[in-house]
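These features come from TrEMBL:
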type	residues	note
DOMAIN	370-440	domain 'J'
REPEAT	17-50	repeat 'TPR'
REPEAT	199-232	repeat 'TPR'
REPEAT	245-278	repeat 'TPR'
REPEAT	317-350	repeat 'TPR'
Amino acid sequence: AATEPELLDDQEAKREAETFKEQGNAYYAKKDYNEAYNYYTKAIDMCPKNASYYGNRAATLMMLGRFREALGDAQQSVRLDDSFVRGHLREGKCHLSLGNAMAACRSFQRALELDHKNAQAQQEFKNANAVMEYEKIAETDFEKRDFRKVVFCMDRALEFAPACHRFKILKAECLAMLGRYPEAQSVASDILRMDSTNADALYVRGLCLYYEDCIEKAVQFFVQALRMAPDHEKACIACRNAKALKAKKEDGNKAFKEGNYKLAYELYTEALGIDPNNIKTNAKLYCNRGTVNSKLRKLDDAIEDCTNAVKLDDTYIKAYLRRAQCYMDTEQYEEAVRDYEKVYQTEKTKEHKQLLKNAQLELKKSKRKDYYKILGVDKNASEDEIKKAYRKRALMHHPDRHSGASAEVQKEEEKKFKEVGEAFTILSDPKKKTRYDRGQDLDEEGMNMGDFDPNNIFKAFFGGPGGFSFEASGPGNFFFQFG
């Protein structure tokens, strides 16, 4: 009799708990999971040892994406009733969603022991094994630096484990290594919104900034990650590399500004050895070293450095411009035009347009006969120097001088004699010379070089008939006689 009121109270509590559960079920059916959660909680408060109430609240929390809390409820439900199949299924599903595939397998196995024909348990068990396989492949591929494959594996694993921060971080790190920084930052930022102290996410956020050559900001994130996890090895290495790279690059820039090109070259070279994975910074270092080499007149080395820079970053305009100038300086005009075209397609500025036009003009000029080279004079040669050069070359290649040579040699010398006459005709005429130097077409001046007679120039220069002759003084020897 003394305990009867308590029993009545207990029965009343059970009835009230059932009412709360039914109300929770109604809200769950309407997908109002927050209200469903509230009513399941009331049911648990009234009757804390009912496994199904914890199971229902776990299902609601799963729908709200709160898998860690849901796991606690699911585990409590099977502690209260180990034969509760749906409890084991929910526990396994939570483990799997959080990325613990091995624990998920154990839960699904227990569900299958209780109900070996349970189709959901069979499928979820396969899913958990698939996730473990993706993890295994990703681990191997990460060691091989096959980051694309790791991203693929993590995407597949995340289909079954959408709340696994570990998988997301691995994916984000690989995206950063692949240069897909906005995607990597997005993943890391999503995690930091949920957990601002997540050291792995802070590390990845810093890694993106580091690889985008925002080294100072990157260091701040690495330091923050190390505050959260002092033994975070990757953050420690990245922080050390970032600081060393920043220091070497700044020292190299200082040496360059001071005109100490040899020291600048050494410092940039040392900086390039710090971290081969930092593509953007290394591209800048190669371009900087290329600039140093151009100052040292090591133009082939400068071209090679700039080529390495654009291999790392094919959008790096400064490297294309530097290489194009080196090509111009080494008279590789086709290559220069190609680089300036790339630059102008990217940035259509007046300056870039003019650089392209200049290169195209030099290319056009390079494909014509080089009259300065034919006469053997500098482009700034005076009128007297041009005349002296013509006299020397005309006498050297005059056909009469080679009358005893083979037909092949005679033909070659005749060709050279004609070219010397052409060169003198152009370079001795100020108007024609100006047009030639500008790369303008000489045909516009009415000069048809196909009808050109070099003998007329020679006669005009040395005098009329009888004024000049070649006479042999022995086999292969000639002397010049003037009238």
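Every residue number used here counts from 1 along the chain in the order it is shown.
Keep in mind that glycine also has a Cβ here, set from the backbone N, Cα and C atoms.
Ranked by Cβ pairs under 8 Å to the repeat 'TPR' (245-278), the stretches 17-50, 199-232, 317-350 are led by 199-232.
Note on the repeat 'TPR' (17-50): DSSP counts are 27 helix, 0 strand, 7 coil.
Taken as a whole, the repeat 'TPR' (245-278) shows an average pLDDT of 95 in this prediction.
Same-chain residues lying 6+ beyond the ends of the repeat 'TPR' (199-232) with a Cβ under 8 Å from its Cβ atoms: 165-166, 169, 172-173, 176, 179, 181, 184-185, 187-189, 191-192, 238-239, 241-243, 245-246, 277-281, 284.
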